[in-house]
Amino acid sequence: MANASEPGGGGGGAEAAALGLRLATLSLLLCVSLAGNVLFALLIVRERSLHRAPYYLLLDLCLADGLRALACLPAVMLAARRAAAAAGTPPGALGCKLLAFLAALFCFHAAFLLLGVGVTRYLAIAHHRFYAERLAGWPCAAMLVCAAWALALAAAFPPVLDGGGADDEDAPCALEQRPDGAPGALGFLLLLAAVVGATHLVYLRLLFFIHDRRKMRPARLVPAVSHDWTFHGPGATGQAAANWTAGFGRGPTPPALVGIRPAGPGRGARRLLVLEEFKTEKRLCKMFYAITLLFLLLWGPYVVASYLRVLVRPGAVPQAYLTASVWLTFAQAGINPVVCFLFNRELRDCFRAQFPCCQSPQATQATLPCDLKGIGL
């Protein structure tokens, strides 16, 4: 959106420097997004310990962010160069609609996928047996991925069917809305806000669930009912029945033990969520919620600007705020690998195992056998 300056004036150098800085920043975002997302995708594919449903969903999210950066950021760079050129032609209406469709598609895919991830995280903590039996494998992850892409495809069509062209070089890859307050644009914004809000409500419900069970209740001994040495009732441990079955008891047959689950190697014999599994699931919840919160923080300013443009008037939003909000959406395409690396210790360990050259000398020394350490190696 650079204005043409007078020849020989001092504005040309400043505009050229601003254009160079903008193109360099976009190139850096493109490289970081592609390198980080492709690296994490390869790490999840190669490491067998990561072949679980949460990491399959993370793999799809990384691939979608990489595709968004590859499809959108070069187009924005080309639009910026065309706008800065003296005889540059603006991008066509078809190209703007295609880029707006791709941006809306990837945005809604991330929103719907994060909603599905939030629901599965809640089930993994609150209903662990059901999650372990029905939702822990790859079929559930494949269904969630397909559903997220299908819903995103259905939601991305309406905003670009009748929309106009882009009005600045930052807009082709942003969620272009019709500036006349059309119901399609307003419905698009309401749907996005509803999906993101529902995702945070799921995590809020999960937080309340963990808070209510943060401390174990003290065990209360309930005395068993005893008649002629047959113990039954809430406090019975079943030892009397076991003794009678083994032939050590006398008297009448003890009552049937109600509520005791038979132990066995089958799928129904899986225990409840133990402490180590709970810590693992909790770390995954923290990582995915950090991704969800950053999605809200980086897309929120642009959604607010779009609301103002739709409900008030197109010129109600300052151009500086609109440009900054669009650049925040660009940064969202490359921030997820950094968040995953910071919040997930399992991913860091797998990364060090796959790439030993990235380990520090202290970590390499810690992995040496004791006899090698003793001789100074």
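Cβ atoms here come from the backbone N, Cα and C positions, even for glycine.
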In Swiss-Prot, Tyr122 and Val317 sharing a membrane side: no
Interface check, the transmembrane segment (57-77) with the transmembrane segment (184-204), three or more C-beta pairs under 8 A: no
Contacting positions for the topological domain 'Cytoplasmic' (46-56) when only residues 6+ beyond its ends and CB under 8 Å are counted: 117, 120-121, 135-138, 140-142, 145, 284, 288, 346-347, 350, 353-354
Helix, strand and coil totals (DSSP H, G, I; E, B; other) for the topological domain 'Cytoplasmic' (46-56): 8 helix, 0 strand, 3 coil
Selection from 99-119, 141-161, 184-204, 288-308, 323-343, the stretch that has most Cβ pairs under 8 A to the transmembrane segment (25-45): 323-343
Mean predicted confidence [pLDDT] for the topological domain 'Extracellular' (309-322): 79
Local backbone state of Cys96 (disulfide bond), from DSSP in three classes: helix
